[in-house]
Every structure is written in structure tokens, then in C-alpha cells.
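Per TrEMBL, the features are:
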| type | residues | note |
| --- | --- | --- |
| DOMAIN | B:63-271 | domain 'ABC transmembrane type-1' |
| TRANSMEM | B:21-39 | transmembrane segment |
| TRANSMEM | B:59-88 | transmembrane segment |
| TRANSMEM | B:108-128 | transmembrane segment |
| TRANSMEM | B:134-157 | transmembrane segment |
| TRANSMEM | B:178-200 | transmembrane segment |
| TRANSMEM | B:252-274 | transmembrane segment |
Amino acid sequence: MKELIKVRDLNLHFKELHVLKSINMEIYDKTVTSVIGPSGCGKSTYLRCFNRMNDLKDAAIDGEIILDEENIYSRATDVTSLRMKVGMVFQKPNPFPKSIFENTAFGLKIQGKMKGSEIEGRVEQSLRDVWLWDEVKDRLKDSAMSLSGGQQQRLCMARALATNPEIILLDEPTSALDPRSTNKIEELCVELKKEVTILIVTHNIAQAARISDYTAFLYLGELVEYGETKLMFTVPKDKKTEEYISGKFG
Amino acid sequence: MKKRKILEFAGEWALKLSVGISLAFLFLFLFMIFSKGAGRLSISFLTQMPKNGMTEGGIFPAIIGTLSLTLLSMLIAFPLGVLSGIFLSEYGKPAWLVSIIKTSINTLSGTPSIVFGLFGLSVFVIGFNMGVSILSGSLTLAVLILPIIINATVESIKSVPFDFREAAFSLGATKRQVITRVILPAAAPGILTGSIISVGRAAGETAPILFTAATFYTRRLPKSVMDEVMAMPYHIYALMTEGTAPESQVPIAYGTAVVLLLLVLIINGTAILIRYRMRKRRNW
Ligand SMILES: Nc1ncnc2c1ncn2[C@@H]1O[C@H](COP(=O)(O)OP(=O)(O)O)[C@@H](O)[C@H]1O
Ligand SMILES: [Mg+2]
């Protein structure tokens, strides 16, 4: 397995609060990696390190995250191009109050590199990738707000995919959705990993077991255990991990 | 038990009575103005010059004056106000300085408008040597409505959900792109509504233009922004205080009041319509 991302001694503070504690981990190319742990343990914060979204929140970060041989926290990094390479989908579907088309095309339009016809092609491709095309192809001009929650979340995935990112970060993408929409998103993750590397935060242990190749268990800001999902769910090495995945706390 | 029932009853009637009295005042107000002034309304009243020492004829120059003052003050205040509002909400740092600025703006918007008149006189008319002119008056009105536009902008931007911002940043948008492509379109209805209502305010004010733009009587239309003009609110004031033939001038004053009232109603109606239509489209 090729290592796509290396996390080296990552620490993060919000003021005095030490949220992430010396995390070291490798994320493998074209896999689904899930991050699990009780709420408040730092999962979202950790995920947001990979596209530097914590920059919006005045976090103090040290350590390195190396992607394509470069530390994304080095001074030379252009944060906007990093974010085009590392897409993100949030807990609550958050399409813009714009049309379905404009939502999907947003990333491409702000890059300003493509012509109109190319953009249309990519929009269609991205919507097909998330199995939304057939549902919306006749109403691309309608507001994205007219879609159901599950459709909105897939639209958000299409929006993130449109710029051809290498990595997609998903922060509890199904926690606001009904079971059917949840299924769809889960199947989609498995399908999409042919093209992109997926890092997904979930509070749903069964979900991690179903869709991820690797699982990271985070507890109080520490990476307690990390390894292949199959192994971790059958023979966890750490006592805490065992307790958590067997539902003793959470 | 009984006491509670009586209190309920009295409370409900106190509310009903208050609404009734307020509505009565409103209708009385509209009735008085319209019954005294509506009779004067005609095409020629709107399109003719005043005649015979303002005892006959129309109010065309006053309408043109009010429209030009309002339009020019908006052209000045709208871009300034919106840009300042964006700066305060998105770039303003440190926070304590921003809050001092916001407090000053709010204080400014509570200042009596005659004070703005004096300010305009000393700064624009005399200081910048612009004389009594449309330009001086518009600048004074612009200063008066600036706080309204800034506040409308700040409040509308504040009401844009953080989710949109986050989504845009996560797609690699720069701060400028987040503002122009996401925040401003979402905040536009609020900004527009607030600004249009401030137009209504500018159209109806007398005190700020008293020393800076308005003239009692002119038979010609302004040729440039450096000319003084007649304006509807001042026209009413002048006819009522300095008129020499009240029996023919008072009806003209009421007629002017009706025109002014209709103008402000149309302006505010437009604002409400815009807000309604844009609210229907947005659903977050
Ligand atoms: N912007 C912030 N400022 C200060 N503390 C924060 C901020 N965001 C999160 N935290 C804190 O960091 C910790 C981890 O939060 P988070 O990453 O959201 O946890 P999780 O996603 O695992 O529920 C929590 O204690 C939370 O209160
Ligand atoms: Mg979280």
C-alpha cells in the first residue's frame, strides 16, 4: 500500500486546551480510513487539520502533515490550492443557496481555469459519480435547497469532487440523514475509493466496520490505536479500544 | 380564580385598545393629509412650474429637486455604506475598535437631523466651498443615511449562516471570493431593503437640506449639481411658514405632502416587495 499522507507528531491547541496530542499516522492511497471515538475527543478537529480548516478558528498547530512530499503546514503552502486537492463534506448538508448546477460548479468557477462547456462536462461527471445525475438532470437550475437532505449531502460530495481532489474528508456525513440515505452514502464511499482517498469521521462504530479499510481510534486527543479495520474489530490491541468498540462507553 | 379571569379579560382588552388607538391615529393622519391635499393632485400639478408667487401652478421643480437629492445621496452613500459594512464585518480588527466604530455609528444614527444640517453647512457649503447646492445637500443626506446602510449591511452579513462560509473556504475559495460569491449574494436582500428604506428617509428629510441645498422659490430647473433646488419637504415648510397668501398656498402644501407621502410609500413598498420575493426564494 502506498502511503499518501504522513502525520508526524501533530499537536493542536485551542488556547490552553490541548486537543490533539502527538499524533503519528499514515494514510494509504485509495483507501477508506475512518476515525472513531467518543464525542469531544477531537475527531472533527483532527479531520480539519488535513485541509487546514482549523486556520479559521485560531488553532495553534505544530508537527507536520506531509502530502505529496510536502508539509502542508510549511510557509510555502498555498492553502487555497491545498483545499482544492483535499475536499470536505460536513456533518450537516450545507449546499449554497444557489442552483444545483452552480453548487457543483463552484470550485471550478473559483479556479477560473475551465471554459463553460468543460465545466458542464465536469458537473455532469461529478453528479454521476454521486448517483445524483438521473435525479436532477432535468432541474439543474432549481435551488439546491429544494433537494432532500440525503440528496443535498450527495450534492455536497459532488461539489467537493468536481475539482478532482486526491482526498475527501467526511465529517459524520450521515449523522443528519435517514437510514436509506445513509446506506447510499456508505456504498458511495466504497465506490469512490477507486478514485480518491477517503477519510471519514463517524460516531457509528458499525459504519466504520462496514466501509473502512483502516480505522483510527481517538480518545482524549490521543491516537490510541490505528490499523486495519478487520484486525482492530476482531483483535483490538488496546483495552480502551476494546471497550469502545464493544459499546461500553461512548 | 375570579381575579385571574378579570386580569385575563382586562389584559386582552388593553392590548386591543392600544392597537385600536394606534390604527385610529394612522387613519386620521392619512385621512387629514389626503382629504386636504388629494384634491390638488393632477397631471399639471406634477408637471408645471409654480406660478404667481406660488399661489398657483405645480410643484415640478420641487419633485425634480427631491429626486435628484435622493438619487445623488444614494449614489454616494450606497457604495460607501456597503463597503464599510463589509469591512466592519469581515476585515475589522481588533474587535474592540470595531465595537467602538459600531457604537459611534449607532449614536450618529440617533442624532437629530438638524444637526446634520449644521454639519453640512459648515463642512460642505462653507468648508469645501460647494455653496448651497444639490451636491452639498446630497452629501449631507448621504452622511445622514450612511449609518442606516452600514447597519443594514452588517446585520445582513451577520445573518448569513457560518456553514456557507465554511463550505466556500473548504472548496478553496479566497476570502474575497467567499465574500463576493457567497456572503454578498446571501446578504443582498437585507442590504437592499435597508438601503431602499434609507432612500425614503432621505426623500422626506427637511432639516439636512435646509441650509445646504434647498431654495424657497425658483422657476428654472437645476442645470448642474452645483445649483440650488426646490425640494418637496422644504416646499411644504416654506409655504406654511413664509407664504403670503395662505388661502391658496396651504392647499398646495397639502398637495405636496400627498405627493411626498406617495413617493415614500412607493419606495418602502418596493423594499417590502424585494424582501418578500427574496425571502420566498431563500430557505435556510
Ligand atoms: N473553535 C474551538 N475553540 C475552542 N475549543 C474547541 C473549538 N473547536 C473544538 N473545540 C474543543 O476541542 C475538543 C474536540 O472537539 P471536536 O474535534 O469537535 O470533537 P469531536 O468531533 O470528536 O466530537 C472539544 O473539547 C471541543 O470543545
Ligand atoms: Mg465532531
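The chain as shown is numbered from 1 upward.
Heads up, the Cβ atoms here are built off N, Cα and C, so glycines get one too.
Unlike curated records, TrEMBL annotations are generated automatically.
Note that the structure is predicted; figures quoted are calculated from it, not measured.
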- Message: Counting only residues 6 or more past its boundaries, what in the same chain has a CB within less than 8 Å of a CB in the transmembrane segment (B:59-88)?
- Response: 45-50, 98, 101-102, 134-135, 137-143, 145-146, 148-154, 157, 179, 184, 191, 195, 198-199, 202-203, 209, 213-214, 218-222, 225, 229-235, 252, 255-256, 259-260, 263
- Would you confirm whether the transmembrane segment (B:108-128) and the transmembrane segment (B:134-157) meet the contact rule of 3 or more C-beta pairs below 8 angstroms, pairs 6 or more apart in sequence? yes
- Message: Let me check one thing: do the transmembrane segment (B:21-39) and the transmembrane segment (B:178-200) come into contact, meaning three or more Cβ pairs under 8 Å with sequence separation of at least 6?
- Response: no
